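Swiss-Prot has this to say about the protein:
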- C30-C47: disulfide bond (DISULFID)
- C103-C108: disulfide bond (DISULFID)
- 28-122: domain 'UPAR/Ly6' (DOMAIN)
- N27: N-linked glycosylation site (CARBOHYD)
- G117: GPI-anchor amidated glycine (LIPID)
- 1-16: signal peptide (SIGNAL)
Amino acid sequence: MERLVLTLCTLPLAVASAGCATTPARNLSCYQCFKVSSWTECPPTWCSPLDQVCISNEVVVSFKWSVRVLLSKRCAPRCPNDNMKFEWSPAPMVQGVITRRCCSWALCNRALTPQEGRWALRGGLLLQVGLSLLRALL
């Protein structure tokens, strides 16, 4: 008798739990924008059910004392390829960096921290210029 009462008491709980398991999960959310100059122009958006990752691309080109940044962020079904960072210097006093990141949790394609993004590039460039000037003066 005790078993019957225990079974009857736990049955509604099991049915309620089974109902929760069938509720659809929310889609991934990512920041989304295309070739903008500021992360504030990248609003968050819900991805389609097929999208599994967030992608972030940042192109930074430094010309002497100015910096040009282009950001693109979006949802995607998979990563196009691994995370990468490509640097090049097409001319003296011109430096470029392309950074691509792929991640799979909500709003993970945020803006880069100052250590990761354009300020690090500008700081590195200023340090190189400063050291060159110091060598020239000595």
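Including glycine, each Cβ sits where the backbone N, Cα and C put it.
Remark: secondary structure over the domain 'UPAR/Ly6' (28-122) totals 8 helix, 50 strand, 37 coil, with classes taken from DSSP. With respect to their backbone Cα atoms, C108 (disulfide bond) and C47 (disulfide bond) stand 13 Å from each other. C103 (disulfide bond) is 13 Å away from C47 (disulfide bond) when you measure Cα to Cα. Here the CA atom of C103 (disulfide bond) lies 14 Å from the CA atom of N27 (N-linked glycosylation site).
Cα spacing between C30 (disulfide bond) and C103 (disulfide bond): 10 Å, rounded to the nearest whole number. There are 16 other Cβ atoms within 10 Å of the Cβ belonging to N27 (N-linked glycosylation site). Ranking the disulfide-bonded residues C47, C103, C108 by C-beta neighbours within 10 Å puts C47 at the top.
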